[in-house]
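A quick write-up on the structure given underneath.
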Amino acid sequence: MENNLPVNIREYQELAKKALSKMHYDYINGGAEDEHTLRDNIAAYGRILLRPRVLVDVSNIDMSTSLLGYNMPSPIIVAPTGSHKVATPEGEVATAKAAASCNSLMVLSFSSNCRIEEVASSCNAIRFYQLFVFKKRDVSSTLVRRAESNGFKAIVLTVDTPVFGRREADIRNKMVASPKPNLEGLISIDDLNTTGGSQIEKYARDTLDPSLSWKEVEWLKSITSLPILLKGIVTAEDARKAVEAGVAGVIVSNHGGRQLDYAPATISVLEEIVKAVAGAVPVLVDGGIRRGTDVLKALALGARAVMVGRPVLYGLAARGEAGAKHVIEMLNSELELAMALCGCRSLAEVTRDRVQTEGDRIRSLL
């Protein structure tokens, strides 16, 4: 196997499909309803072209950047995704070690199969913690306190899940909820056996708070001194409200196409959100990134960094920690190559004129 490693994310996806049960592969790979947004997250990158500049000395490429004052060797971050033990027995500890070995920032999901403390002690790295707001606020505040005391550097508040999207593959497969050790003693999950449909859907319905509003951002600011990033913004209007609310960053995300189907592909709305934020806070983007060229396109349209979810899970499912590490390394080396071939020696040179969007092509015809 080591002599015949996958050469791209798509090949890792194929290996993951072979390694996982249908229920677990569909859980990782699936989206909401018709899966239009799921597909368009990827397809929208294909509608953006690169505009390479030539005869530039690219013998030294610098991919380093910073986020909230933390230096990173590359703008590629491991996105928060739940239930990593579905992919590998070591779960999020394997993911954390893979990210740490690449010096990549990782965002740990609230629905991790490994305890916050276990992940924190497994290796040294910069990590953020992703939070949902539960009906019982003390559950959320307890998780925040534990993340703080274990050295997590920021809270990523997911704001696009007041209710759970309809993930039909999980309903069809009667998806079984995996253990959530961080919620033990905080939420009872004994009562999850459901005669039809997805246990995860029932769990979300029982625990998530549909009254979630901008007040919760104020509440979260009142209980933590950590910087807060909002994940799940897809409109300029909400991006402006986020800045007014005093958050430290905005993450353009449609939950990987798993919440509202026919929400826009994230890359297609990135630029309008960057313009709305007007440099007040960094803007990140996730969803659909499968190549280093995708990362370059996102950076050219104004993203400070990108977050990668499913590809890391494909790596974990195929080859455990080594697979996750290889996925991050591949994306980094693809980005470095794309920068060189576009004549960009640093991220500062990855500017708007390096890409041509559909809108640009239409405007050029007018």
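Glycine is no exception: its Cβ is also placed from the backbone N, Cα and C atoms.
Because TrEMBL annotations are produced automatically, they should be read as predictions rather than curated entries.
Given the structure is predicted, the values throughout are model-derived calculations rather than measurements.
What TrEMBL records for 1-360 is domain 'FMN hydroxy acid dehydrogenase'.
For Tyr27 (glyoxylate binding site), the number of other Cβ atoms no farther than 10 Å from its own Cβ, over all displayed protein chains, is 24. The glyoxylate binding site feature in TrEMBL is assigned to Tyr27, Arg167, His255.
When other Cβ atoms within 10 Å of the Cβ of Gln130 (FMN binding site) are tallied across all protein chains shown, the result is 25. Annotation source TrEMBL lists FMN binding site at 80-82, Ser109, Gln130, Thr158, Lys231, Ser253, Arg258, 286-290, 309-310.
Taken from TrEMBL, the feature active site, proton acceptor covers His255.
Of all the binding-site residues in the list Tyr27, Arg167, His255, the shortest Cα-Cα distance to Lys231 (FMN binding site) is found for His255. Of all the binding-site residues in the record (Tyr27, Arg167, His255), the one with the smallest CA separation from Gln130 (FMN binding site) is His255.
Close to Arg167 (glyoxylate binding site), meaning Cα to Cα within 10 A, are the following binding-site residues out of Gly82, Arg258, Ile289: Arg258.
Mean model confidence of the domain 'FMN hydroxy acid dehydrogenase' (1-360) amounts to 94 (pLDDT, 0 to 100 scale). Nearest to Tyr27 (glyoxylate binding site) in space, judged by Cα atoms and limited to the binding-site residues Pro80, Gly82, Ile289, is Gly82. Between the C-alpha atoms of His255 (glyoxylate binding site) and Gly82 (FMN binding site), the distance comes to 12 Å. With a cut-off of 8 Å between CB atoms and residues at least 6 apart in sequence, the same chain places Asn41, Val252, Ser253, Asn254, Gly256, Gly257, Ala265, Thr266, Ile267, Gly309 near Gly287 (FMN binding site), listed in sequence order.
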